[in-house]
């Protein structure tokens, strides 16, 4: 029985993680209340959930507000742009729905395509911002490119993020659950996918490995040069000895001939 309540037991690990997710959810709700900071709140949420998935040690509250502070400017700019674009899309759909223009269907198709691009980008933008340092422009561009390069995962991420909304539409009794876990649990599940997606764009370990390989290669080349120099020196000494032996041989023959002549 004691094993179940051991701090390292699966049960206690699960309960600890759920407590962390509950704290993160309440922090996110609190920071989303001033609508202008909602983007930064989501960035900080993903900053922490990605760390949790990667098992990186970090204090929940301290880590959350660390990200909130560091990404405040960019996250707020991106959020305001996204908010304005979203309002424009909503307005366009409302106007076109009641429009009698003959080519309204063509316009609707075009706006729908742009709206899908917008949705794909928004799914990635705050997780990308939480993990990578870049300009606002490049963050938006990279978010869209990642969404296209990982299309199946992007569709799955959209479904994950829609689950709380669907639950709320199905029953209002889900409200207490959503207040405690409505943001953090979907973000945590999505972070499992983001960790895999971002892995190919995080070259730090590869660079370290390549540096190590370059270092090993350099050392290997030095050793080869030393061995080559030793072989050349050994060959030179051998040639010198061979030359000396060759010079000694004729002199020995000359001495033998001289001795023979003397005997005669």
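Glycine is treated like the rest: Cβ placed from N, Cα and C.
As annotated by TrEMBL, compositional bias 'Polar residues' applies to 235-244. Taken from TrEMBL, the feature region 'Disordered' applies to 223-264. If you look up TrEMBL, you'll see 22-47, 76-96, 102-129, 150-171, 177-195 marked as transmembrane segment.
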Apart from its near flanks, which chain residues at least 6 from the ends of the transmembrane segment (76-96) lie with a Cβ under 8 angstroms of it?
35-40, 104, 107-108, 111, 114-115, 118, 122, 125-126, 129, 136, 139-140
Long-range Cβ contacts under 8 Å made by the transmembrane segment (22-47), restricted to residues 6 or more beyond its ends, are 60-61, 63-65, 67-68, 71-72, 75-76, 78-80, 82-83, 126-127, 129-131, 179-185, 187, 190-191, 194
Spatial neighbours of the transmembrane segment (150-171) not adjacent in sequence (6+ beyond its ends, CB under 8 Å) are 119-120, 123-124, 177-178, 182-183, 186, 189-190, 193, 196-197
